[in-house]
Structures are given as structure tokens and as C-alpha cells.
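As C-alpha cells, the structure follows; a few thoughts come after it.
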């Protein structure tokens, strides 16, 4: 007897969702949105952290949606306690204020799977589908198997002292590191970037998240790392020790090689593109200089970056993919691995060292092949 996909899905138990938000309006809105997806079932609501704690103790849930800003115990504090006592998938709800963006990035670093923006202009069908998919995918994951707190902030003077040697130095050999990440990427990047050479090849990253979040994330990384972390600027030469994040400005970020080294440039968004900025767009822009490039694709939902990594690998780049065990969502790296684009599949705690060694190996090769003038 024939059965279609929807009929098959109806036999799969729905993922149980607990909504935690002090706003009754937001709780009602979110319940309505999630009710449109048969894969999800809202099993409870809580207006504050205490109610949420009591509910979790007595009732099973596969995923929690958690407001960041609540009276009493904040969502961020509750998340921190939850991850210590009973780790489970959490999707944060945040406003687009500066305070909300900073807290959202902290939440993603502390173990939240994803962060959804609260609506500002009414109900939207595409937004509804996106929220349902992200909550469902979060419910299918487990908290990343990373040690929380590894990326603690360094003393304020440590990064400045280490930056002095790299400041203003162009990357003459042309080496470049490219990284793409999505869901789970904040904690993954905080595991990778500290292990890179602080005076080494520049790094350009596409991390899927709203623009305000990217600004907060770049500032957070800049406080944590000896590297110089900032959002990409068009036409500015990339220097040794730079870590550049593609901004969320409605345009894609590409890299281009000039006489004085690598630069970033912005290109118009393709309406057909699912993500902006796009990992694929970044990766494809470096194919002509692939032999100078090391590239990594980290945890994330979907397939953005897989085709671009394949083209880079075919053109001579060194490629790395995060393994399934340490990925929050084994989507982007899975597709890239399936295409044969990933040359080295590694747990997240080994990718930073592998990227660093790949650039050191490139530098040694360059020195061996450089002709030395006769004396």
C-alpha cells in the first residue's frame, strides 16, 4: 500500500516543546507558529525561570524556547544553570537591540543551539516555516560535546601585547584561511580560533546569524583572542593576525587577491540564495588562488559551503570538515563530506591545530621552492 511523506511523518512522534517567555502575547504567537508543523507539539508554557524549572523536573521536553530578557532570573542565567544540571536543546528568543544581541551571543556560547529574533512587524508565513524548522532541528540535536568555558576572556593587556608583532604586517605569501559555520558555530569558532597562529594567515569567516549578532560576536571574539577581530570592510588589505567576519548587510562577502595581498569585497545578494552572507559565495571567490587557501566547514544546518569547498578542493586547497560527533547539527559538513570535498574530517578541538599546521606546511614549502640568489 502506497504512503506519502506526510503520512509517514504522521507516524513519527512529534518533538515536545516547552515555551518559556514572560510575555503572554509572545507565548500565544509562538504556540500558533509551532502548531502549524505536525513534527512539533507544544506540551507546556512557563512565564519565568522558576516555572520552567518546575515543569522540566516533572515533564519531559525535547526542546525549550527561552526568552533572554525575563524578570527575576534572566534567560541567560537560567540557560547557564540548565546546561550544568540537565543539558538539553534550547532555542533562545531575542530582540534586535544591542543588549539583546550581546546576550544572544553569550547564550550561543553557553550552549544554546540557536537564537530566533522576536517578530517586529506581524505574522509572516516564511518566518513561521523558518522558526518551525529551526526548533525541530534543535530538538533533534544534543548540546555540543565541547567544554564550556574554554574560551574565557583573557586579561585586557595580553591580546594587545601579542598583537604588536602582527600589527600592519601584510600577508605577502598570500596564505588565507576560510571558514563557514551556521547552527552551533559560535561555540565551534570559539574552540577553533584560539588555536590559530595569532601572527599567521588572515582568516575570513561566514557565520550565519543576524547582522546585529555578528557585530556583537566580533566584539566578543576581539576581547577573547590575540588576533585582530572585526567585521569585513571593502577594499581594506587583510593583514597577518586578522580574523574577519562577513557582516550581515544584505550583501555577500568575497575575497580577491590584489598586488598588496587579499582584500574583501561585497557583492549583491542573489534572490535565489538561501543565506546572505553565503559560505558558498565566499569559498568560490577564492578558487583561482586555491593552492594558497586552507578551508574549514563547521557545524550547521543545510548545505551552504559544500559546493564551494568542492571547487576549492579540486583546485588545490586544503580542506577540513567537522565530524558528526562534535557537530551540533551535522548538516553542512555532512553534505561537503558526501561530495568528497572534505579531505580531513576532524573533531572540533583538532581543527584549529590542523589549520595552523596546514599554513605552516605551506610556508615551509614556499621557502624550499624560493630561489636563493648566488653569492
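Including glycine, each Cβ sits where the backbone N, Cα and C put it.
The feature active site is assigned by Swiss-Prot to 182 (among others). Other C-beta atoms found within 10 angstroms of the C-beta of residue 182 (active site) number 25, with every protein chain shown included.
DSSP assigns residue 208 (active site) to coil, not to a helix or a strand. As annotated by Swiss-Prot, active site applies to 208 (among others), with the evidence given as sequence analysis.
Around residue 304 (active site), the same-chain residues at least 6 positions away in sequence with a Cβ under 8 Å from its Cβ are 180, 182, 208, 274, 275, 278, 279, 280, 332. DSSP assigns residue 304 (active site) to coil in the three-state reduction, outside any helix or strand. As annotated by Swiss-Prot, active site applies to 304 (among others), with the evidence given as sequence analysis.
What Swiss-Prot records for 16-133 is domain 'Response regulatory', and it gives sequence analysis as the kind of evidence. Confidence across the domain 'Response regulatory' (16-133), taken as the mean pLDDT and rounded to a whole number, stands at 91.
Taken from Swiss-Prot, the feature domain 'CheB-type methylesterase' covers 170-362, and the record attributes it to sequence analysis.
The 10 Å shell around the Cβ of residue 67 (4-aspartylphosphate) contains 26 further Cβ atoms across the protein chains shown. According to Swiss-Prot, the 4-aspartylphosphate annotation covers 67.
As a summary of secondary structure, the domain 'Response regulatory' (16-133) carries 54 helix, 26 strand, 38 coil according to DSSP.
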